[in-house]
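What TrEMBL says about this one:
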type	residues	note
ACT_SITE	LYS202	active site, schiff-base intermediate with substrate
BINDING	ARG212, ARG223	5-aminolevulinate 1 binding site
BINDING	GLU239	Mg(2+) binding site
ACT_SITE	LYS254	active site, schiff-base intermediate with substrate
BINDING	SER280, TYR319	5-aminolevulinate 2 binding site
Amino acid sequence: MSVGGYPRQRPRRLRSTPALRRLVAQTSLEPRHLVLPMFVADGVDEPRPIASMPGVVQHTRDSLRSAAADAVTAGVGGLMLFGVPRDEQKDPTGSAGTDPDGILNLALRDLAKDLGDATVLMADTCLDEFTDHGHCGVLDARGRVDNDATLQRYVKLAVAQAESGAHVVGPSGMMDGQVAAIRDGLDAAGYTDVVILAYAAKFASAFYGPFREAVSSSLSGDRRTYQQESGNYREALREIRLDLDEGADIIMVKPAMGYLDVVAAAADVSPVPVAAYQVSGEYAMICAAAANNWIDERAAALESLTSIRRAGADIVLTYWAADAAGWLS
C-alpha cells in the first residue's frame, strides 16, 4: 500500500541501525549452541593436519587436551570425540572401540579428568573408525551389515564410553533399533543419566568425503544400505519418530546445510532438542572458496551457522565451533 505515491509499509525501518537489527533479530547464534567435533589418533607424535579440512587435525592425546581446554574457555557448548586407531588395531568387529585402553576411551578419560562438568563431553558411538572394512557395523558371511549383531556391539561401545566419562553417546550408524538397545544397555549398567544423541536422519551424502580422511577410513563401497537416500523426506520423519519412541534425548540431522527442510521438520515434531551436523564437506567447500578469495570465510561460516539455527536446530556440530565462539564474543 502506498500513500501519495510513497510506501506506507517500510520494512527497512527495522534495519536502519545495528541496535535495531539486534533488537528485532529472530535467530540467535551463541557459542553455547555449538559443539566442536575433534579427532584423536593413536600412534601420532604431533597433531597431523587433515589436508581436505584446513585448520582441522588429528590430535595427539596431549594436543587434544590443550585444544579442548581452549574451546571450553571460548564458550563452546560441547565436544564430540572421534577416535582414530592404528591400522593394525582395526578388526572385523571394531574391538578397539570397546577396549578401555583404546584411543577414544583413553581420550574420554583424559578430558573427563581435565574438564569434568565444565563442558558436555560427547562420543561417536559407531564402529566405522575401528573396523578393518570401514563399515558402521558387523558383517555377515555374505559381507552385508548384520543389523542385530551390530546392536550388541553398539551397546558395548556405549557402556565403554560412559565408563570413560562421556556425558553423551552418539549412535551414528543408522541401525534399526539402535537407540532402544543402547538405552537398555546403559540403564542395565547403571548409566541412567547418560544422554543419547541419536543420529536420527543421517543421509548417504557426498559431503562426508573429507571426514573419511579425518578418521583414516578403511571403507570400500558405500553405506547406502543403512544411511538414507538424500531425496527421502518422509523416510527421515519416520526415522526421527522411531528414535523418539525409543527414548532419544536429542535427535540429529546430518548433513545440515543441504537438509534444512528436514531440520525444520524435525524441530516441528520433536519434543526433545534438535541438533544438526555441518559436515566435513560443507566446511571444506566454504574453506576452499575463501582460500580463492571468492568469499569471506568468517562471514560465510557465521551465515551458514545462523541458517542452520534459523531452520530450527538447537545445537550445531561444526568444525568452526571454537573459531565462531571467538568471533561471536
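Cβ coordinates come from backbone N, Cα and C, glycine included.
Everything TrEMBL records as a feature, shown here on the structure.
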residue: LYS202; record: active site, schiff-base intermediate with substrate; Cβ contacts under 8 Å, 6 or more apart: SER172, MET174, GLN227, GLN228, MET252, VAL253, LYS254
residue: GLU239; record: Mg(2+) binding site; Cβ contacts under 8 Å, 6 or more apart: MET174, ALA200, ALA201, GLN228
residue: TYR319; record: 5-aminolevulinate 2 binding site; Cβ contacts under 8 Å, 6 or more apart: LEU36, PRO37, MET53, GLY55, VAL56, GLN278, SER280, TYR283
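In the three-state DSSP scheme, SER280 (5-aminolevulinate 2 binding site) is classed as helix. When other Cβ atoms within 10 Å of the Cβ of SER280 (5-aminolevulinate 2 binding site) are tallied across all protein chains shown, the result is 25. Its Cβ placed at the centre, LYS254 (active site, schiff-base intermediate with substrate) has 25 other Cβ atoms within 10 Å.
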